[in-house]
Amino acid sequence: MSPKYSMAWGTGQNLSTPGPFILLGFPGPRSLRAGLFLLFLVMYLLTVAGNLAIISLVGAHRCLQTPMYFFLCNLSFLEIWFTTACVPKTLATFAPPGGAISLAGCATQMYFVFSLGCTEYFLLAVMAYDRYLAICLPLRYGGIMTPGLATRLALGSWLCGFSAITVPAALIARLSFCGSRVINHFFCDIAPWIVLSCTDTQVVELVSFGISFCVILGSCGITLVSYAYIITTIIKIPSAQGRRRAFSTCSSHLTVVLIWYGSTIFLHVRTSVESSLDLTKAITVLNTIVTPVLNPFIYTLRNKDVKEALHRTVKGK
């Protein structure tokens, strides 16, 4: 283990003996750690407040109670729990021994973070399909995307997301740890946890990669095909105003998709789980802390209906 890791937690702690795991977090000068703590805390509070505001707006305004905003409420609800599964413990790592976490606690956090992450892939794909129907088949949209279908698609996204990670989680829970218990991350991620295991991890790595590949490829395929049809349809619209209006209905979702896929795909394109853990940790900040706080602003600032509903709420109408 690197000497700097030992120094980060003091000289009196034996990191190779059985006991709780230690989330390394973000070692560095006290001023840097204090700044990161405040930044992450503010972003977490904004994430919760922003997503709760979207859910409240949709519930309070009948004009927003459509399949599109029903899926957006699901996404906002998911983002609240996704960031809550990760950020509070991350904040605790800035105040040793707040980085200590039990084996069961680590496994539980890992399961929920990755289950919610998988669910977001499926929800974004469902939202892309919804936009495809609205733009490419507008006359049939109401007959196809019924409230019952929207509910089944949303429920299916949640069930698939929580089912996808079950097998990797079961395999990871069977790993043995007999050396260092310092996890080079700010939450219990799969890669740095596998690095600490003293048993064979090839099966775990293979299954984890296979599940990630299937989830990402499957959801990404649906999203890409949907947007291929959407772009083709928009291009065929004769008027510039019509094209802008059509594109505005999916621009917010497309922005979120690009940010989410851009960060998470990088995390799974590695030659080894032992390589670039520090870089992986930095990129993970993007999709666990930054992206959830951006989503409410993206949907608010780029969506005319949401802005009008927000304006009416502020005016008390």
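Glycine is no exception: its Cβ is also placed from the backbone N, Cα and C atoms.
Outside the transmembrane segment (34-57), and at least 6 residues removed from its termini, the chain residues within Cβ reach (under 8 Å) are 26, 64, 72-73, 76-77, 79-80, 83-84, 87-88, 90-91, 94, 289-290, 292-293, 295-297, 299-300, 306, 309-310, 313. For 34-57 (among others), the entry in TrEMBL reads transmembrane segment.
The domain 'G-protein coupled receptors family 1 profile' annotation in TrEMBL covers 50-299.
Within the chain carrying the transmembrane segment (69-91), a Cβ under 8 angstroms from the stretch's Cβ atoms is held by residues 23, 25, 37, 40-41, 43-44, 47-48, 51-52, 54-55, 58-59, 98, 101, 109, 112-113, 116-117, 119-120, 123-124, 126-127, 130, 147, 150-151, 153-154, 157-158, 186-187, 288-289, 292-293, 295-296, 299, 305, all 6 or more beyond its ends. The transmembrane segment annotation in TrEMBL covers 69-91 (among others).
Taken from TrEMBL, the feature transmembrane segment applies to 111-132 (among others).
Taken from TrEMBL, the feature transmembrane segment applies to 153-177 (among others). Sequence-remote contacts of a segment are chain residues at least 6 beyond its ends whose Cβ falls under 8 Å from one of its Cβ atoms, and for the transmembrane segment (153-177) they are 21, 70-71, 74, 103, 107, 110-111, 114-123, 125-126, 129-130, 190, 193-194, 196-199, 201, 203-204, 207-208, 211, 214-215.
Non-local neighbours of the transmembrane segment (206-230) in the same chain are 118, 121-122, 124-125, 128-129, 131-132, 135-136, 164-165, 167-168, 171-172, 190, 250, 254, 257, 261, 264-265, 268; each lies 6+ residues outside the stretch with a CB under 8 Å from one of its CB atoms. Per TrEMBL, the feature transmembrane segment maps to 206-230 (among others).
The transmembrane segment annotation in TrEMBL covers 251-270 (among others).
Away from its own ends, the transmembrane segment (282-301) comes close to residues 40, 43-44, 46-47, 50-51, 53-54, 72, 75-76, 79, 82-83, 86-87, 90, 113, 117, 185-187, 189, 252, 255-256, 259-260, 263-264, 266-267, 307, 310 of its chain (Cβ-Cβ under 8 Å, at least six residues beyond either end). According to TrEMBL, the transmembrane segment annotation covers 282-301 (among others).
Across the domain 'G-protein coupled receptors family 1 profile' (50-299), the model assigns an average pLDDT of 85.
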